[in-house]
Amino acid sequence: MSTVTVFASDGSWIESDAVDQCHQVAALEGVSHVAGMPDLHPGKGAPIGAAMMSTVLYPFLVGSDIGCGIAVFPIGLKRAVPEKLAGRFPDLDVEPDAGDPAWDVLDGDVPAGHLEGLGTVGRGNHFVELARIGTVLEPDHAARLGVAAGDVVLVVHSGSRGLGERILRAHTEVHGAGPAADPGAYLAAHDEAVRWGSLNRRLMAARVALALGAEPAAPIVDECHNLVEVRDGAYLHRKGAAPGDGRDVLVAGTRGTPSYLVAAHAGAEAGYSVAHGAGRKMSRSDALRRGRAKHTVEELRRTPVGSVVVCGDRQLLFEEAPTAYKRIEQVIADLAGHGLATPIATTVPLVTYKTAELGPRPRRDRQDHRRGRGRS
DNA sequence: ATGTAC
């Protein structure tokens, strides 16, 4: 008999479709337990914000962005004027040049020999953000991490780009949503994607540090929230759920609100996991439709916390509007209330890079494309 | 979230 537990308070609204998806996963052969995080929301087939324990390995429960995660890097900047720094970000939609010194941080290590997309951020909810440590709730723990109020850090949320997608597709083309026929082979490829994702975050952080006149540094936190690990003799699948057993994790807010560094201490019932972010409150299509009625592009590019969002794609800007996400404070309160995590400090955005402002990216005429469709 | 197909 399998179980589903959702770690959210009554005050936290969770879409019923997402809970339905948890029960659908729980009904799969081999699945013993599904833990829903407070940022639980519906995904493509499987819920996002869930840890799923099973004796059978299901690649689709991890999804295509194997190795996606969030890392935090120290960056030695004192004065940080968002408008000035925004213009100095490198183009993270394209790989670094062959001679770029940022490559040095990889020491020639290119997992799976996959160079395509290495050093690029991708789309969707991915971002590279310069942020300032705001409220410090656990000074001793923050000091152990080497950060204090006012320090500038770099937060990188990205994954394995085309590599993870290729690994999942190779499986689904033959087995669809079925189990991995050769779990060992899947895990070997998966582990390379996890490593690739982490190195990708590291490379991007180096690119940005060098572009802003700072030294590349090792991450103080690097957590992967799309992966599978062998745990308690079974496969623990995480989809939008960060490893939460004695590790420090950055739980991402939105591009106009703080994020939270937390000390995670989740047990078996929570799938040894914590939330990975605020969680979507609206689908991308709803966010676009409602956002166009509610926000101007200008207010999304210059946020209530005074940060600048670099995003040459208007549709993405609306899809990723802070109002499309749940309140991060509620997610953190739910984690703390259930004993899954202790907040250490907040990070407050200064500059968030989503996608290049100008450049060679071909852009469709959204006005014509959208006219006559949907409501206004 | 992705590369690719429309």
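Note: Cβ is positioned from N, Cα and C throughout, glycine not excepted.
TrEMBL entries are annotated by machine, without manual review.
Values in this document were obtained by computation on a predicted structure and should not be read as measured data.
Taken verbatim from TrEMBL:
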- A:Asn125, A:His126, A:Phe127, A:Val128, A:Glu129, A:His225, A:Asn226, A:Ser259, A:His276, A:Gly277, A:Ala278, A:Gly279: GMP binding site (BINDING)
- A:His126: Mn(2+) 1 binding site (BINDING)
- A:His157, A:His225: Mn(2+) 2 binding site (BINDING)
- A:His276: active site, GMP-histidine intermediate (ACT_SITE)
- A:355-376: region 'Disordered' (REGION)
Legend entry - Which same-chain residues, if any, lie at least 6 apart from A:His225 (Mn(2+) 2 binding site) yet have Cβ under 8 Å of it: A:Cys68, A:Gly69, A:Ile70, A:Arg238, A:Lys239, A:Gly240, A:Ala241, A:Ala242, A:Pro243, A:His276
Inset, instruction - Please give the greatest C-alpha separation between any two of the GMP-binding residues A:Asn125, A:His126, A:Phe127, A:Val128, A:Glu129, A:His225, A:Asn226, A:Ser259, A:His276, A:Gly277, A:Ala278, A:Gly279, in angstrom, as a whole number. - result: 20
Inset, instruction - Compare the C-alpha of A:His157 (Mn(2+) 2 binding site) with the C-alpha of each of the binding-site residues A:Asn125, A:His126, A:Glu129, A:Asn226, A:Ala278, and give the closest one. - result: A:His126
Inset, instruction - Any same-chain residues 6+ apart from A:Asn226 (GMP binding site) with CB under 8 Å of its CB? Would you list them in sequence order, or say none? - result: A:Val62, A:Gly63, A:Asp65, A:Ile66, A:Gly67, A:Cys68, A:Gly69, A:Gly159, A:Gly164, A:Arg238, A:Lys239, A:Gly240
Inset, instruction - Measure the Cβ-based neighbour count of A:His276 (GMP binding site), defined as the other Cβ atoms within 10 Å of its Cβ. - result: 30
Inset, instruction - Between A:His126 (Mn(2+) 1 binding site) and A:Ala278 (GMP binding site), find the distance joining the two CA atoms and give it rounded to the nearest Å. - result: 13
Inset, instruction - Count the other Cβ atoms sitting within 10 Å of the Cβ of A:His157 (Mn(2+) 2 binding site), across every protein chain shown. - result: 24
Inset, instruction - Could you check what DSSP calls A:His276 (GMP binding site) once collapsed to helix, strand or coil? - result: coil
Legend entry - Cβ packing number for A:His126 (Mn(2+) 1 binding site), 10 Å threshold: 22
Inset, instruction - Determine the Cβ neighbour count for A:Glu129 (GMP binding site): the number of other Cβ atoms within 10 Å of its Cβ. - result: 26
